[in-house]
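Feature annotations, reproduced from TrEMBL:
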type     : residues                                                         : note
ACT_SITE : H212                                                             : active site, proton acceptor
BINDING  : Q195, N196, V197, D198, G327, S328, S329, N353, I354, G355, L371 : NAD(+) binding site
BINDING  : C220, C223, C287, C290                                           : Zn(2+) binding site
DOMAIN   : 91-390                                                           : domain 'Deacetylase sirtuin-type'
Amino acid sequence: MLARCLPWRSPPFISASTSTRKVLGSLLTDILQPSCKFQQPVSQGKRVTFPQGLVKFVQTSCRISVPWVSARKTQAPSKFLKDKKMVPEADPPSTEDVNLLYQLFEQSNKLVVLTGAGISTECGIPDYRSPNGAYSSGFKPITHQEFVRSSRARRRYWARSYAGWRRFTAAQPGAAHVALASLEKAGRIHFMITQNVDRLHHRAGSNPLELHGTVYSVICLDCGFSFCRNLFQDEVKALNPKWAAAIESLDYGSPGSDKSFGMKQRPDGDIEIDEKFWEEDFHIPTCKKCKGILKPDVVFFGDNVPKERADIAMEVGRECDAFLALGSSLMTMSAYRLVRAAHEAGATTAIVNIGTTRADDFVSLKLNARLGEILPRVLNIGSLSIPAIQ
């Protein structure tokens, strides 16, 4: 079922006629959406000591390589990243930074990895909180309460989300996604959690716990029935044929491009549209089982992570010997509490993120780097120790 729902290939872009562009151009508005800090110093080449003691290792001469992608291809050209306005500026990671992160992967036996929006900005999907994120333009995401109580808010959300879906799903996994998938397959990651709803980890070959859900599924708020987002897109198209045809005739350009006829991508996959375009003429499908309200299967702002999912994440956080947060400011409590729990349980905690995070004051290791630049270099160091079978 998952393979049917995921957009493994980008859909073709269709050029709009001059007249179509003029009409839609009036409808779509132009709105989008410190170096290494190591608080417990470890010299280069020295092991990071784990509170629970070191496990036995058997050193191998095997090189861990990224599956189906050569090492050269996993390192995105710097110009490619700098051209994307949503990717914050950062100096290339130093050799010392790479070695420190390598040590964390090598010495941990039960490493938990948490990823945030920073891993997807390099793929053309904006975030909220970085200097170039959606909040910087005054954008406010919809809240759970607003979505539930207002039919107008739901029309606005689904119209924008439908319009931005094709471009959102055109994004491809980046070098960091692929590197993490390779480390998983090599047994260097015990468990992975993601705050992201874009399923780029899945497309790279991983299967993380989706803490905040995914936009690739739609769920009924009344009966709980869920189904594939692509089927929902088809239903929207059937209910709004003229509107859908106009949106689909747009030439969106490449993911991350701002040459989109007055549109810019939002973090959750929607775009900004003049309200007169969706306020009365846009119709939303209802649940086929009970005619209830349909919502993307994500945790909106103001909502809570489902208890079972939150309990799983907390359990692995407390039982790990190392916790690594990647590309997350940890401003949401659902993510911050996991790092805090791991730290309080005695695990080594580390962060790789551009800019400050909520947990900077207590983590053992903080690196300021782009994930697509540092993670492939960790793989390319040479070999990683494989825990001995007891």
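Glycine residues also receive a Cβ, built from the backbone N, Cα and C atoms like all the rest.
Please treat TrEMBL annotations as automatic predictions, because they have not gone through curation.
Structural mapping of features recorded in TrEMBL.
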| residue | record | Cβ contacts under 8 Å, 6 or more apart |
| --- | --- | --- |
| Q195 | NAD(+) binding site | L114, T115, G116, A117, L211, H212, S328, T332, S334, A335 |
| C220 | Zn(2+) binding site | S226, C287, K289, C290, G292, I293, L294, K295 |
| G327 | NAD(+) binding site | T115, G116, A117, G118, I119, S120, T121, A176, V352, N353, I354, L371 |
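A distance of 22 Å separates the Cα atom of C223 (Zn(2+) binding site) from that of V197 (NAD(+) binding site).
Looking only at other Cβ atoms within 10 Å, the busiest spot among the binding-site residues C223, C287, C290, L371 turns out to be L371. Among the binding-site residues V197, I354, the residue whose Cβ has the fewest other Cβ atoms within 10 Å is I354. Here the domain 'Deacetylase sirtuin-type' (91-390) has a mean pLDDT of 86 out of 100. Looking only at the recorded positions H212, S329, the densest Cβ neighbourhood within 10 Å occurs at S329.
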